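Trainee: To start, I am sharing the structure in question, which I have written as structure tokens.
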Amino acid sequence: MAGCAARAPPGSEARLSLATFLLGASVLALPLLTRAGLQGRTGLALYVAGLNALLLLLYRPPRYQIAIRACFLGFVFGCGTLLSFSQSSWSHFGWYMCSLSLFHYSEYLVTAVNNPKSLSLDSFLLNHSLEYTVAALSSWLEFTLENIFWPELKQITWLSVTGLLMVVFGECLRKAAMFTAGSNFNHVVQNEKSDTHTLVTSGVYAWFRHPSYVGWFYWSIGTQVMLCNPICGVSYALTVWRFFRDRTEEEEISLIHFFGEEYLEYKKRVPTGLPFIKGVKVDL
């Protein structure tokens, strides 16, 4: 796993990431530059170059690696916000850009606050997997092609709003799960129990056994509903369902090993929260 070479003072990564995320989001001021006489593309290129030069001047590795990622996500959020308020058929893609950047940035920020011992550059989840990258690129390609050839398909506002609500619900549920689990939450399934590892059954974990997966499940499908992507909408639903089916089974094998009868009792009374997924089968 990629990570920080030296451990900084507690909370410094969170503050650094927040400051540089906001710095990237300051691209929202770009319309002011265009009014001052700069052309849109020229202004954008100069802005990006200026941001990168500033980060190179202020930070050295490994802090630069944190800063450049957070700043990039802030930049995407700012561009998405500008696009959201534009009078174009791409406005809903702006919603998507904001949702995507906030998801990845908040994964890092919450981990930095909640469980700094497990924090690394991988906490941004930007390099989650090849499959994740291919899925994202496919959704962008589908939106672009359909927006060119069937633009009316991208103007179903009520459907995009439904997708946005799914995204907000999924994001809030996942972050609530991360905060509730505290130091017990980790982006990687653990095969060895740490001394501080406890079974969390309160809060959102009293509703679902895997609330962070439930949140991510509805968030990912919601992004495609928001984009009015019929092909990726169906393929995302099937793919993430299969992924979380396998993931919950893998995780529950470890949890049963860690907590034994305590987890089995919890498993009996609380559902996974994922449709048609019951978790690992246990022969008693």
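Residue numbers in this text run from 1 along the chain shown.
Cβ atoms here come from the backbone N, Cα and C positions, even for glycine.
Annotation comment: Swiss-Prot describes 1-16, 60-69, 113-131, 175-212, 245-284 as topological domain 'Cytoplasmic', evidence class sequence analysis. Positions annotated as transmembrane segment by Swiss-Prot, on the basis of sequence analysis: 17-33, 42-59, 70-87, 93-112, 132-149, 155-174, 213-228, 230-244. What Swiss-Prot records for 34-41, 88-92, 150-154 is topological domain 'Lumenal'. Under the heading S-adenosyl-L-methionine binding site, Swiss-Prot lists GLN190, HIS197, THR198, LEU199, VAL200, TYR205, HIS210, PRO211, SER212, TYR213, GLU251, citing similarity to another entry as support. Residues or ranges marked as substrate binding site by Swiss-Prot on the basis of similarity to another entry: ARG247.
Any idea what these are sitting next to in the structure?
Mentor: Tertiary neighbourhood of the transmembrane segment (17-33): same-chain residues 40, 43-44, 47, 51, 54-55, 66-79, 81-82, 105, 108-109, 112, selected by CB-CB distance under 8 Å and a gap of 6+ residues from either end.
Remote same-chain partners of the transmembrane segment (42-59), defined as residues 6 or more beyond its termini with a Cβ less than 8 Å from a stretch Cβ, comprise 16, 20, 23-24, 27, 30, 33-34, 66-68, 71, 75.
Within the chain, the transmembrane segment (70-87) has long-range Cβ neighbours (under 8 A, six or more residues past its boundaries) at 16-18, 20-28, 30-31, 48, 51, 55, 93-102, 104-105, 108, 124.
Taking DSSP states H, G and I as helix and E and B as strand, the topological domain 'Lumenal' (88-92) has 2 helix, 0 strand, 3 coil.
Distant neighbours of the transmembrane segment (93-112): 11, 13-14, 17-18, 21, 69-70, 73-74, 76-77, 79-86, 118-119, 123-126, 136, 143, 147, 160, 164, 167, 171, 175, 178-179, 185, 187, 219, 223, 226-227; these residues of the same chain sit at least 6 beyond its ends, with a Cβ under 8 Å from one of its Cβ atoms.
Listed by sequence, the residues of this chain that lie at least six past the ends of the topological domain 'Cytoplasmic' (113-131) yet keep a Cβ under 8 A from its Cβ atoms are 1-4, 10-11, 13-14, 62, 65-66, 69-70, 73, 103-105, 107, 178-179, 181-183, 185-187, 239.
A Cβ distance under 8 Å defines the sequence-distant neighbours of the transmembrane segment (132-149), meaning residues of its chain 6+ beyond its ends; these are 89-90, 93, 96, 100, 223-224, 227-229, 231-232, 235-236, 239.
Under DSSP, residues within the topological domain 'Lumenal' (150-154) fall into helix, strand and coil as 4 helix, 0 strand, 1 coil.
Long-range Cβ contacts of the topological domain 'Cytoplasmic' (175-212) within its own chain (Cβ-Cβ under 8 Å, at least 6 residues beyond either end) map to 1, 106-107, 110-111, 114-115, 117-118, 122-123, 125, 244, 247-248, 250-252, 254-255, 257-259, 262-263, 266-267, 270-274, 279.
In the shown protein chains, 14 other C-beta atoms lie within 10 A of the C-beta of GLN190 (S-adenosyl-L-methionine binding site). Reduced to three states, the DSSP call for GLN190 (S-adenosyl-L-methionine binding site) is coil.
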Trainee: May I ask for the residues of the chain that lie six or more residues beyond the topological domain 'Lumenal' (88-92) and have a Cβ under 8 Å from a Cβ within it?
Mentor: 147, 151, 154-155, 160, 226-228
Trainee: Counting across all protein chains present, how many other Cβ atoms fall within 10 Å of the Cβ of THR198 (S-adenosyl-L-methionine binding site)?
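Mentor: Step by step: centre on the Cβ of THR198 (S-adenosyl-L-methionine binding site), count other Cβ atoms within 10 Å, giving 14.
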Trainee: Across the topological domain 'Cytoplasmic' (245-284), what does the pLDDT come to on average, as a whole number?
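Mentor: Looking only at the topological domain 'Cytoplasmic' (245-284), pLDDT averages out to 94.
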